[in-house]
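A short write-up of the structure that comes next.
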Amino acid sequence: MTAPRACPCRDCCLDGAPDQIARMVHDLSGIVIGPDKGDILRARFQRRARLLGLKTLAAYFDLIAGASEERDRFISLLTTNVTGFFREAHHFDLLARQIMPGLDRIGRRINIWSAGCSSGPEPWSIAMTLQGHCAAMARRTRILACDIDAAVLHKARSGCYGADEVTGLSAAQINRHFCACGDGPLRRWRVAPPLRGMVEFRQLNLHDVWPGLPAFDVIFFRNVSIYFDPPAQRRLWQRFHDQLRPGGWLLIGHAERVPADLQHLLRPAGLTAYRRPDQNCEAVP
Ligand SMILES: C[S@@+](CC[C@H](N)C(=O)[O-])C[C@H]1O[C@@H](n2cnc3c(N)ncnc32)[C@H](O)[C@@H]1O
């Protein structure tokens with residue numbers, strides 16, 4: 001008896017070989033698909049391919065290789081964008097109590113990077129912390145907020161959030177930093193002008209080159225490295241070190257760690273906080 005012919009996938013159906021999907025996702029974003037995520041992603045890609053009238057996943061992948069608009073869609077289908085205002089709140093306490101007082105002594109412009117900013121609550125929370133604790137410092141601070149996902153960046157830039165998304169904020173914070181638009185269940189909250197001028201949003205794949213970025217005083221790189229493989233993570237720890245000013249801070253997510261053999265570049269400085277050593281001031285506090 002002859003064995004049934006294996007489905008070639010390239011030509012006959014929308015199944016798509018799992019390794020082909022994983023390779024495509026990794027090549028375009030650096031994201032490693034966990035064993036539990038493969039089927040979910042395949043279903044999303046299949047739905048999208050069908051909608052576009054394509055008969056195979058291979059045809060869909062060919063389209064992505066060429067068309068930038070569809071590539072943005074593809075990336076939006078695969079990213080995990082969970083976020084929230086003042087998420088992992090200890091970093092905002094650290095910013096207000098330790099980092100800002102240290103920077104206040106320096107009169108120059110301050111640069112902060114939210115790398116993997118999702119739909120914006122992280123950079124807006126940074127801006128609120130600065131405005132809330134020292135308006136003069138806020139005026140000389142620029143926050144760069146980057147993400148690979150164009151759809152979440154669009155929302156981040158709009159600064160517009162539903163009532164269910166601002167639950168992490170106090171009434172005082174909402175009154176001070178947001179304007180209400182709409183009424184009743186349709187009411188939304190829009191970030192108000194003083195904060196809006198502080199943040200620049202930019203689409204960026206962190207695995208690509210970082211053209212024209214300044215040296216940063218603080219980098220928030222939280223809950224992003226968990227999606228990458230260890231070699232990609234190592235490259236990023238080194239690149240973040242290079243992009244920090246001496247004495248600058250790197251803040252990462254609760255499930256993330258800079259490996260011990262790189263801690264001469266990024267020294268532990270509190271809960272999921274690291275600092276680039278300052279040669280001129282050996283004892284970074
Ligand atoms: C779970 S969210 C974290 C958001 C925010 N940092 C926080 O902690 O609330 C992860 C974000 O990383 C972004 N991301 C994933 N891969 C990326 C890459 N290669 N370059 C830039 N951003 C990426 C995703 O689009 C997503 O918005």
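Each residue, glycine too, has its Cβ placed from N, Cα and C.
Listed in TrEMBL for this protein:
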type: DOMAIN; residues: 19-279; note: domain 'CheR-type methyltransferase'
type: BINDING; residues: N81, T83, R87, E122, D147, N205, L206, R222, N223; note: S-adenosyl-L-methionine binding site
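The binding-site residues examined here are N81, R87, D147, L206, N223; by Cβ neighbour count within 10 Å, the least packed of them is N81.
D147 (S-adenosyl-L-methionine binding site) carries a strand DSSP state (E or B). Largest Cα-to-Cα span within the S-adenosyl-L-methionine-binding set N81, T83, R87, E122, D147, N205, L206, R222, N223: 23 Å.
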